[in-house]
Amino acid sequence: MSDIFGKIQKLKKERNAVILAHNYQRLEVQDIADYVGDSLGLSSQAAKVQADVIVFCGVHFMAETAAILCPEKKVIMPEVKAGCPMANMITVEKLANLKLQNPKAPVVCYVNTTAEIKAESDICCTSANAVKVVRSLPDNEVIFVPDKYLGTYTQSKVPEKKLILFDGYCPTHANIFPEHIEQVRRAHPRALVLVHPECRPEVTALADEVLSTGGMLKFVRGSERHEFIIGTETGIIYTLQKQNPGKRFYPASERAVCPNMKMTTLEKVLWSLEDLKTEVAVSKPIADKARKAIERMLEIGRQD
Ligand code: 13P
Ligand code: SF4
């Protein structure tokens, strides 16, 4: 393991590369990364990267976002087949249909979308700022795609507007059911329940806090409590435990694992640096339009 770590570090210097990793990545991939964060943190980080090469350890839409924000840099994915099923649920045709039916409503797209969807949207959001982004719009009706659960949660926080939702969802978070929370809570009655807004409304209703992955990390660091039930992809528990050695974390469900996030391995990181592959590029006309939606979101910042 230390051998491969050493080789990656050496190549990283030679290539003037930076490694960005999402909070759901494998533990060893998080350890080799220069920056580990949530979708919003990774987008902000990509926007200010100084290196020539960005090695993106996450899923495809995240690397695409980095490529859109840094057109002059080479963005590579160690495992380019790592996609997000939710991002692939909405197509340009389906979005065009929603726009046709609601011609006056602006489109807010979750960052978990393809570059083509972002290019057809007015503003992007992540789970760390969806409420803030929707509130920032002057319109009373807003199209929100593709996550119906994040959309439902956002609607509950912004009752003064009507959100027109699409039927997308994250299969990993949809795997967490209220029974799981109740069961773990019975075993650990003193634990606070933190869940991600991609969870079902029946699950967010049981939570003490509904937070993005970055929001969970911040909340736990500042909390006096010692035990937490974590309702999101289980990969984040590694970072939580590392940052808070005195606290205890219990996954709401062991089944909440995103197979796509786990496709990137240390070996693939090494090979990607050796071959500078696989490059993720977005055509200029799409990137120019999508960048406006992402930059508009970055100006708004986080809510948590
Ligand atoms: P955040 O890291 O922004 O909370 O998003 C979770 C997620 O599912 C990303 O794919
Ligand atoms: Fe997509 Fe869900 Fe995996 Fe995130 S956890 S990448 S939303 S499938």
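Keep in mind that glycine also has a Cβ here, set from the backbone N, Cα and C atoms.
Computed from a predicted structure; not experimentally measured.
Residues Ser39, Tyr110, Val111, Asn112, Ser127, His196, Pro197, Glu198, Thr213 are recorded by TrEMBL as iminosuccinate binders, and the candidate that the same record lists for that site, out of His22, His180, is His22. Nearest in space to Cys170 ([4Fe-4S] cluster binding site), taking C-alpha to C-alpha distance over the binding-site residues His22, Tyr110, Asn112, His196, Glu198, is Glu198. Under DSSP, Cys170 ([4Fe-4S] cluster binding site) is assigned to coil, being neither helix nor strand in the three-state scheme. Separation of the C-alpha atoms of His22 (iminosuccinate binding site) and Cys258 ([4Fe-4S] cluster binding site): 12 Å, rounded to the nearest whole number. Of the listed binding-site residues, namely His22, His196, the sparsest CB environment within 10 A is found at His22. The two recorded residues, Asn112 (iminosuccinate binding site) and Cys84 ([4Fe-4S] cluster binding site), show a Cα separation of 7 Å.
Taking a Cβ distance under 6 Å to any atom of ligand 2 as the criterion, the binding-site residues His22, Tyr110, His196 reduce to none. Taken over all pairs of the listed iminosuccinate-binding residues (His22, Ser39, Tyr110, Val111, Asn112, Ser127, His196, Pro197, Glu198, Thr213), the Cα spread reaches a maximum of 17 Å, rounded to the nearest whole number.
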